[in-house]
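Shown next, in C-alpha cells, is the structure this report addresses.
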Amino acid sequence: MAQRREPDPPPPQRRILRTQTVGSLGEAMLDSEVVPSSLVEIAPILRVANEVEASNPRVAYLCRFYAFEKAHRLDPTSSGRGVRQFKTALLQRLERENETTLAGRQKSDAREMQSFYQHYYKKYIQALLNAADKADRAQLTKAYQTAAVLFEVLKAVNQTEDVEVADEILETHNKVEEKTQIYVPYNILPLDPDSQNQAIMRLPEIQAAVAALRNTRGLPWTAGHKKKLDEDILDWLQSMFGFQKDNVLNQREHLILLLANVHIRQFPKPDQQPKLDDRALTIVMKKLFRNYKKWCKYLGRKSSLWLPTIQQEVQQRKLLYMGLYLLIWGEAANLRFMPECLCYIYHHMAFELYGMLAGSVSPMTGEHVKPAYGGEDEAFLQKVVTPIYQTISKEAKRSRGGKSKHSVWRNYDDLNEYFWSIRCFRLGWPMRADADFFCQTAEELRLERSEIKSNSGDRWMGKVNFVEIRSFWHIFRSFDRLWSFYILCLQAMIVIAWNGSGELSAIFQGDVFLKVLSVFITAAILKLAQAVLDIALSWKARHSMSLYVKLRYVMKVGAAAVWVVVMAVTYAYSWKNASGFSQTIKNWFGGHSHNSPSLFIVAILIYLSPNMLSALLFLFPFIRRYLERSDYKIMMLMMWWSQPRLYIGRGMHESALSLFKYTMFWIVLLISKLAFSYYAEIKPLVGPTKDIMRIHISVYSWHEFFPHAKNNLGVVIALWSPVILVYFMDTQIWYAIVSTLVGGLNGAFRRLGEIRTLGMLRSRFQSIPGAFNDCLVPQDNSDDTKKKRFRATFSRKFDQLPSSKDKEAARFAQMWNKIISSFREEDLISDREMELLLVPYWSDPDLDLIRWPPFLLASKIPIALDMAKDSNGKDRELKKRLAVDSYMTCAVRECYASFKNLINYLVVGEREGQVINDIFSKIDEHIEKETLITELNLSALPDLYGQFVRLIEYLLENREEDKDQIVIVLLNMLELVTRDIMEEEVPSLLETAHNGSYVKYDVMTPLHQQRKYFSQLRFPVYSQTEAWKEKIKRLHLLLTVKESAMDVPSNLEARRRLTFFSNSLFMDMPPAPKIRNMLSFSVLTPYFSEDVLFSIFGLEQQNEDGVSILFYLQKIFPDEWTNFLERVKCGNEEELRAREDLEEELRLWASYRGQTLTKTVRGMMYYRKALELQAFLDMAKDEELLKGYKALELTSEEASKSGGSLWAQCQALADMKFTFVVSCQQYSIHKRSGDQRAKDILRLMTTYPSIRVAYIDEVEQTHKESYKGTEEKIYYSALVKAAPQTKPMDSSESVQTLDQLIYRIKLPGPAILGEGKPENQNHAIIFTRGEGLQTIDMNQDNYMEEAFKMRNLLQEFLEKHGGVRCPTILGLREHIFTGSVSSLAWFMSNQENSFVTIGQRVLASPLKVRFHYGHPDIFDRLFHLTRGGICKASKVINLSEDIFAGFNSTLREGNVTHHEYIQVGKGRDVGLNQISMFEAKIANGNGEQTLSRDLYRLGHRFDFFRMLSCYFTTIGFYFSTMLTVLTVYVFLYGRLYLVLSGLEEGLSSQRAFRNNKPLEAALASQSFVQIGFLMALPMMMEIGLERGFHNALIEFVLMQLQLASVFFTFQLGTKTHYYGRTLFHGGAEYRGTGRGFVVFHAKFAENYRFYSRSHFVKGIELMILLLVYQIFGQSYRGVVTYILITVSIWFMVVTWLFAPFLFNPSGFEWQKIVDDWTDWNKWIYNRGGIGVPPEKSWESWWEKELEHLRHSGVRGITLEIFLALRFFIFQYGLVYHLSTFKGKNQSFWVYGASWFVILFILLIVKGLGVGRRRFSTNFQLLFRIIKGLVFLTFVAILITFLALPLITIKDLFICMLAFMPTGWGMLLIAQACKPLIQQLGIWSSVRTLARGYEIVMGLLLFTPVAFLAWFPFVSEFQTRMLFNQAFSRGLQISRILGGQRKDRSSKNKE
C-alpha cells in the first residue's frame, strides 16, 4: 500500500482545452470555483449564475456572458496562467446556451433582467425582512450579495441595449447597496447595527467592549473625513496610519473578544451595566506590552506609552495603544517572527500617536505631528513592512534553500537581534534605506565599488551575536561546564587510582592530595580552550558586536592564558622533590628555592573566588534573578564578566523548591555514575596498565615505526579509549534509570493507573458521579467546596438520591451519556452496549435513588430472584448477600419501584386500583419490618418475573391490538400474587380480588352488564415521551440481560478511554469555572496536502498483493466494522454497497481510522460540542436541566433563530470561547485546479460550520500597459467559512455548498521564506482568538470525554504550581493510536508513549526543562504573539521548529508544565522506512539544534544542574548514541592494531590483559544502549504504572520475542548516521514520512538506497574488523568478555545488514525475491543523467548521495578525508601476515609493493574501460580476445602462485580483506575531492569502481535473504513476528498479505 496515499487528483481545469462532449464541458464549467487566479473577481458572478440557473436559464446565461466580458476586460491579452483555456471553454458554453435559452425569454434581455431582479428582491429579500424574526442574518447577507451581482449584470445588459434602468429598480438597488455595505460576511461577531438581536451581541461583556471601542471623542480626524455609523477608534487608527481594511476588521473582532473574555472574569455575575472594567483593560495591556516595556528598559529608552492625566481619557488611550499594536502585528506577515523588530516599529508609531493626541508641533516643520508614513491605503504595508520583508527575503535567497553555510546569510534571529542593540535606532524613523540593516551582502557590494567608496560605513552587517558554524566544537562550547566537570573528575579519579592504595581515602595523603589538585591546571587549560573557541566561532559576528563584547572576548583569552601560567608555576613550586615537567618549570623561573604549597593553594582560592560567588547565587535564585534583570551599572559590570549582557536568557531561575528537587536528582545520579565509573572501570584498569607499561616488547608482526618507544603507549591507548568513551556516555544510562524511578514515583503520586481495568472501573463507579461533579461541574465559591475536593469522593457513594442531588445526577447523566453516544458515533460500541452503558437522561420524580448504568446492574435481577427463591425464609442470609453487592440492592429496589409506578400508571379502574394499593402497602409494610422473606412465599417469584417481562415487551411494542393480552398478563400477575405469594395474608384481599369478577354465579348475566377486570387501562400509551420510552427500555434491560456484562464495552479502545477518563477524575486538576468565566482558546492545525478524506477509488484500489485499504481496515477493526454496519442498518457489505446514500458514510468510517484531516477535525470539534453542553448545564434552570440537553437539541432548529433562546445563548458562548482554524496553505490552488481535497475541505466546513480555513491566496495581476501584459503575483492571507447552504432557486437539486470569504489581508510577498510548517502557522495565527492557543497536527485526534476537561486545564494558566511564574506552555500527554498495525508500529508507539508520558513528566518536574515537543501543547497566546510566535522558521537551522518554541519561551522567562489528566490522540509512522525517515528527521533536527544559539544560551544561562538536564534530554541523547557506536569502532580498531602489530601475542601471557573486567563493564554499558535499554526502562515503568507490572513483564517478553532489540539496534545506526552527517556536512531537510497504512513490500533496491550509507556500509566495515580479529586474535578465546564482545558486536552487524529485510512484509517470499532481483539489476546498470530520478538509476542516486559534500566546506571535506584514512590500516597490517612474509620480512618495502599490486589492478580495469569505449563497437572481436587473454593470464598467475606455493588459499582471503577496504578508502577520498578528480578526467573511472563496490555489497546482502526465502517456513515465521499485534486483534494478516488472490483468480475465470 502506498506510503502516503494521495487521492488521485481530478484533472485540473486545463483539460478544458481538449475537445470534449457538450455534456462534460458544461459540467466542468458549472464549478464557479475553478477560475484562474487573475480572474478571481468573476467568481461571484459565476456563483450567482449557478444559483439562478434552475429558475431562469436566460438570466444565468446573461450572468455568464457578463462574466466573460469582465474576464476579457481584466485580461484582454489572456496572458494570465490558464486564462485563454478558461475563456475558450466559457465561450463554447455561451454559444450553446444562447440558442437554448432564447426561446423562453421575454421581449428583450433587458426586460428579462429587470423582471427577474424585481422578482428576486420580492421573493427573497422582502420575504426574509418580513419574517417574524430577522435572525437568519446569513441568508440575508447571501441574498443581498446575489442582488448586488444581479444589478451589476442588469446595468451591463441595459447599457448594451441602450435602455435606461427604471427608477423603481434604481431605488431598490440603492436600498440593496446600502444593506450590502452593512451585511457583510463576518467571522464570530456581527458588528453591524441590524445584528443587535444576535445572541452573541446581547452578551453584556461584548456590549461593554464594543461601547468602549466606539468612544472616539476628541480624536483629531483628517480634514475631509466623512463620519460613518458605528465608527470606532480602530477606524481612526486606519485613517491615520494606513492599515488595510480587512486587517482592521480582523483585529477589531480580536480585541473585542479579548477584552470581553477578560472583563467577564472580573465580574463573575454579569448583571452590571455594560461598561468595560478598567482591571480587564489593565490585564490585557500588561500582557501585550510586557515585552515592549522590557525592551525599552533594556535599551535605556522611555516607552511611548504615555497616559493622559484626565481620568476619562485613560481608557480610550489604552485602547488606542492596544489597537495600534494589534494592527501592526496583524499586518506584519513574516515580521511576526521578529518580536523586537515589531517593538521598534511600535515604539515610533506609538510616539506619533501620542504626538497627534497631545497636539504636539513638529520642531522641523512647525506643523502638527503627523505619522511619518501617512495614512494612504496600504501605507503601512508598502512603506514599513515591505522594506524589512524584502531584506528577509533577500537573506533567505542567499541560503539557497538551506544549502549555503549558516554563516553567510542572516536568519530571522540575526535580523531580530539587530534590534537588541541601541544601534538599531540608527535605522531612524522614517527608516533610512541606506541603513546597515537593509545593506546588501559583501558579494553584492563588490559589484558597486564606487558606492562603497562614497559610503564605506554601509557594508553587510554579517551575523548578529552568534554564528551557527558546522563544528563538533559546539557541543563543548555550549556545555563547557559539563565537559570540564567530567574531564576534571576523570583526571582526579585516575590520579587517586594510580597513586597509593587506590582507595578513595588515599586522597587525604599529602602527595596524593597535591597531585589531585593538578586538576586546577587542567581547569585553567579548559577555560583557555573555551575562550579561544568563543573567538573562533564568533569571528563572523564581529561586525555587529559592541566594543565591550569584543573587549570581553579578548580579556577572557588573556586572563585564561595568565591563569594557565600561574597555576603551572605555583604547582611546580609546591613540590619538594620536583621531577619531570614540574622541575622544568621551576628551572625556567629560577626555582631552586624551597617549596611552598601554600602559594598554590592561594592561587586556587583566588581562581575559585568567582565560582564561589556563583555558587552562593545558585543557592539564592531570587538574588540571581534580580541581578540579571538589573540595569545598575555596577551590577551590569559584575554580570558582564560572567556572561555577556543579552536581551533574553535573564532571570530564568526557578524557585528554591524546584531548584532543590532537580539538584537532588542530579546529585544522586552523579554520585552513582562516578562511583560506578571509579570502581568498575577506572580503578581495575590501573593495575594492568602499569604491568603493560613495564613490559618491553621487541618482536612485531609488521614494520614498526617506533620499535624503541617506552611504556607501550599504543597498547595503553587501545585499552583506555573505549573505557573513556563509555565514561562520557554512560550518564545517559544512569539518567534512564533515575528518571524511570522518579517518573514512576511521580506518576504514582499523581494517581495514574488507579483505574486500569473494567473491574476496577466497576468497583469505583459509585464514587465516579461525585468525582465527576467535583471536577467537571463549577462549584459555588463557598469555603466548604474550596477544600481539597476528591478526598471525600472515596467515601462518597450514592444509594439514595436526596432532592438536592437531583441536579447533580442530571448533570452527570447528560455528560456521561454524551461520552457514551460519542463512542457509538465512532462505532467503538454496538447499540446494545450503548444501551447498557447509558445512564437515564431523565430523572424520574417517582424514584428517589441513583439509577446506575445497566452494565453495572446486568444479570443482578435474575440472580437475586434465584437467591430469593432458594432462601427458604432465611431472611438474614439473603440480606447479607445483598449487602455485599450494593449494585444488586440498587437493581432490586429500582425494579420494585418502577414496577409499582408502572402498574399504578397503567391501571385506571378504581376497584383494581384499590386492590393493587392494598397489595403494595402490605409489601411495603413487610419491607419496613424486614419480614418480607419470612412472611411471604417467594418461590413463585420467577413466574411473576416471567409475566412482568411479557408486560414490558408489550409496552415496548405499544400496539393497540395487544391490549387484551395485557389484561390477561395483569390477571395472571394478580393471581400469582394473591394465590401463591401472599397466600397467608388477610382473606379480604382474596375476596376483593376474586369475588368481584362476576356479580352472580347462578344466573347468566347479560354481556353488557358483566364487568371485566382491568377493562380500563392507559394503553396504548399515546403520550409516549422520550423519558417514558427510556424507562421501559431500561426496565427491559434490567430484567432480561441474563449474562454478565463484565466485558462491556468489548472494544479495547473504548475500554482504554473509559478507564483513563474515570481515572483522571481522581487526579488533581483545577476546579472548573463556569463556561462564561473560563479562558477562551483557539486550536490551530497546519495542513499542506495530506489526505482529507479517503476517496472510494482510493479505498478500493488494490496493491500488488491484492489488498485494498478498506479490506485492510475491515480486518484490523472487525468489531468497529460490525458496529458501523449496525449503525447504518445494513446486514453486510453488499447491502451497504447497494445504497448510494451511504457512500460518504463509508468514506468517513475509513477516514476516521486513518491519519486524515477529517479525523482531526472531528476530534477538535468535540471541544465545541462539550462547550455547548457545559454552557447548557451552567445556564439551564432546574426545569430545563431535568428535561435534559436532548430536549434542547430537538428544538435547536427553531431556537437558533431567536437570539434570546437558551440554545442560541449556548451557541454564542461556544463561539466566544472557542475557535478552530485550519491553515490549509494551498487551499486556493487546490480549489482553482478542481482538486478533490478542496472539495473535501469545503465538505468539512459545511459539516462543522464553526470551522475557519485560512489559506495563502496567490493572485496573478496582469499589467495591461505593457505590450504582452506582464504578470505579477500578489499574495494574501485569507480566511473563509462555509457559506449558508442555498438550493439553486426554484429547484429540487442538491444544496449548493460554497465557501465565503471573511478577511483577505495583503502580504508583502510569498509567505514561505523559511521552513514551511512554521510559516504556514504564522500566516494563520492572526485569525486565532482567545488567551490559549492549542497547536494540533493533522495526524492527531481528540475525544469527547477529554474535551470536557478543557476548561479545567486552561485554569492552569492562572496557577504558579509552586514556581515563580505562571505557565506559558501547558504540555499534554498523547496517546499513540497506530500501535495495533504491526510489531514495528507497536514498538514505535510504546517508545513514543513512554516519551510523551513518563519522559515529559520528569522533564517538567523535577527537572524543569520540558520544552515543546510537537503538538498538542497549549500556548499562552498573548505571551507568545508578542515574543515571536509559536515556532521558529529559519531555513534548516529550525528544522525541528516546535522545540524552538519551547527554547524561546524558556529563554524569555516562560514556564512549561506537563499535565496528565487529559490526553490527545496522535498517529505515528507504521513501517520501517517511515519510522527511519522520522528518526532521520529528528536526528537531523538535533544536529541543527547543536549548532543553534538557543541551545548555546540555555547551556550558559541555566545553573549547572539544570544545564545537565537540558543537555541529556536534548542533543546529549543523540551525542551519547553516537558515542555508543564510536565505542564499538574504537574498540575494534584498537584490537586491530594490537592483533596486526603482534602486540597482543606479546602481551597474551599477562593474565590482567586477558581478564579485562573494566572493558567488560564498559562494553556491557555499550550493549545496554545498543539493544534499546534506554528506551525499554521508561517504557516498562509506564506500562507497569498504567496497566500493571504483570502486563509490563508480558509486554517486555513479547517485544523481545518479536525482535524489539533488533529494531532498537537498527535505529541506533539511523540516529548516529544522520546526527553525525548533519554536524559534519549539513544537508538536513524536512522529510515527509507519509501518513498511510504500510503493509506493502518495499523493493530490495528501495531498501538499498535508503540504508546503504547509514547502515550497510558501516555494518560491512564492522564485519571485516570482526573477521580479521577472529582470524588473528589470540587473547580472548573462551573468556566471558570475548563472548560478550563477539555476540554483542556481531548482533549489531547482523542487525544493521539484515533488519530492513527482516521487517519488510513478504521479505522472504520467493516470487517477491525474484522480482526484487530483476528490479535491482535494472536499477544498478541504468545510466543516470539530467532528469533521471534516483529511483530509476544508480548513477543518479550516487550523485545525489554525494551532494552533501558539495556544500560541506573545507572543514567537512578535510574531516571526510581524515576519516577515510582508517581503511588503509587493513592493508598495512595484513600484507605482513601473508605466509610469504610472516615472521620473515617486516621491511616497509613489503607495504610499498602491495600498492603496486593495487595500482596494477586499477590500471587493468581502467584499460579495459577505455578499450570498451574505443573498440567495443567497431572491433568487438578484438576487444573480446583481449579480455579473454587478460582473464587467462590472471588465472595462470594465480595457479602458478598456488602451486609453487608462494601463496595459500588463506592468503587469497587475506588479500581480499586487505585490498577491499583500501579501494573503498580511495573511493571516499576521490568523492571528497570530486572537483579535482573531474579536472584530472578520471571521474568516470571512480564511478565504475563505485558501481563495482555497490554490486558486491548488494550481492553480500541479497544472497542470505534469497537463501532463506527457499524455505517456506521462514516467510511464515516472519509474518507471525511482524504482525503479532494485529493477530491478537483478530487480523488474518496472511490473508492480507497473500489475500484476495483467490478472489482475483476467480474473477479472472469468470
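Glycine residues also receive a Cβ, built from the backbone N, Cα and C atoms like all the rest.
Swiss-Prot annotations:
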type: TOPO_DOM; residues: 1-481; note: topological domain 'Cytoplasmic'
type: TRANSMEM; residues: 482-502; note: transmembrane segment
type: TRANSMEM; residues: 506-526; note: transmembrane segment
type: TOPO_DOM; residues: 527-552; note: topological domain 'Cytoplasmic'
type: TOPO_DOM; residues: 574-599; note: topological domain 'Extracellular'
type: CARBOHYD; residues: Asn577; note: N-linked glycosylation site
type: TRANSMEM; residues: 600-620; note: transmembrane segment
type: TOPO_DOM; residues: 621-655; note: topological domain 'Cytoplasmic'
type: TOPO_DOM; residues: 677-712; note: topological domain 'Extracellular'
type: TRANSMEM; residues: 713-733; note: transmembrane segment
type: TOPO_DOM; residues: 734-1511; note: topological domain 'Cytoplasmic'
type: TRANSMEM; residues: 1512-1532; note: transmembrane segment
type: TOPO_DOM; residues: 1533-1560; note: topological domain 'Extracellular'
type: TRANSMEM; residues: 1561-1581; note: transmembrane segment
type: TOPO_DOM; residues: 1582-1591; note: topological domain 'Cytoplasmic'
type: TRANSMEM; residues: 1592-1612; note: transmembrane segment
type: TOPO_DOM; residues: 1613-1655; note: topological domain 'Extracellular'
type: TRANSMEM; residues: 1656-1676; note: transmembrane segment
type: TOPO_DOM; residues: 1677-1682; note: topological domain 'Cytoplasmic'
type: TRANSMEM; residues: 1683-1703; note: transmembrane segment
type: TOPO_DOM; residues: 1704-1755; note: topological domain 'Extracellular'
type: TRANSMEM; residues: 1756-1776; note: transmembrane segment
type: TOPO_DOM; residues: 1777-1787; note: topological domain 'Cytoplasmic'
type: TRANSMEM; residues: 1788-1808; note: transmembrane segment
type: TOPO_DOM; residues: 1809-1828; note: topological domain 'Extracellular'
type: TOPO_DOM; residues: 1873-1894; note: topological domain 'Extracellular'
type: TRANSMEM; residues: 1895-1915; note: transmembrane segment
type: TOPO_DOM; residues: 1916-1950; note: topological domain 'Cytoplasmic'
| Stretch among 482-502, 713-733, 1683-1703, 1788-1808 sharing the most Cβ pairs under 8 Å with the transmembrane segment (1512-1532) | 713-733
| message | Under 8 Å for C-beta pairs, could you tell me which stretch among 482-502, 600-620, 1561-1581, 1895-1915 has the largest tally with the transmembrane segment (1683-1703)? | response | 1561-1581
| request: Decide whether the stretches the transmembrane segment (713-733) and the transmembrane segment (600-620) have at least 3 CB pairs under 8 angstroms, with pairs required to be 6 or more apart in sequence. | output: no
| request: Mark yes when the transmembrane segment (1895-1915) and the transmembrane segment (1656-1676) have three or more Cβ pairs under 8 Å (sequence separation 6 or more) and no when they do not. | output: yes
| note | For the topological domain 'Extracellular' (1873-1894), the DSSP residue counts stand at 19 helix, 0 strand, 3 coil
| query | Using DSSP, what's the helix, strand and coil tally for the topological domain 'Extracellular' (677-712)? | reply | 18 helix, 0 strand, 18 coil
| Residue distribution over DSSP helix, strand and coil in the topological domain 'Cytoplasmic' (527-552) | 24 helix, 0 strand, 2 coil
| Positions whose Cβ lies under 8 angstroms from the topological domain 'Cytoplasmic' (621-655), at least six residues beyond its ends | 295, 297-298, 300, 340, 417, 420, 465, 548-549, 552, 610, 614, 1362-1364, 1408, 1448, 1450-1453, 1497-1498, 1500-1503, 1506
| message | With pairs fewer than 6 apart in sequence excluded, do the transmembrane segment (600-620) and the transmembrane segment (1756-1776) have three or more C-beta pairs that lie under 8 Å? | response | no
| note | Same-chain residues at least 6 beyond the ends of the topological domain 'Extracellular' (677-712) with CB under 8 Å of its CB atoms are 490, 493-494, 496-498, 502, 504, 719-720, 723, 726-727, 730, 1540-1543, 1545-1547, 1550, 1552-1553, 1556-1559, 1561-1562, 1772-1773, 1776-1777, 1782-1783, 1786-1788, 1790-1791
| Outside the topological domain 'Cytoplasmic' (1582-1591), six or more residues from its ends: residues with CB under 8 Å to it | 743-744, 747-748, 752-753, 756, 1390, 1393-1394, 1397-1398
| DSSP-derived helix, strand and coil totals, residue by residue, for the topological domain 'Extracellular' (1704-1755) | 31 helix, 0 strand, 21 coil
| query | Counting only residues 6+ away from its ends, which parts of the chain sit with a Cβ under 8 Å from the topological domain 'Extracellular' (1613-1655)? | reply | 1-5, 402-403, 405, 470-472, 474, 1090-1091, 1103-1105, 1107, 1109, 1112-1113, 1154-1156, 1315-1317, 1339, 1381-1382, 1436, 1439, 1467, 1469-1488, 1490-1491, 1518-1519, 1521-1522, 1524-1525, 1696-1697, 1699-1701, 1704-1707, 1709, 1712, 1715-1717, 1719-1720, 1723-1724, 1734-1735, 1741, 1745, 1747-1749, 1751-1752, 1756, 1759-1760, 1894, 1897-1898, 1901-1902, 1905, 1933, 1936-1937
| request: For the topological domain 'Cytoplasmic' (527-552), could you work out the same-chain residues 6 or more beyond its ends whose Cβ comes under 8 Å from its Cβ atoms? | output: 407, 417-418, 421, 423, 459-467, 469, 471, 473-474, 476-477, 480, 484, 559-561, 563-564, 640-641, 644
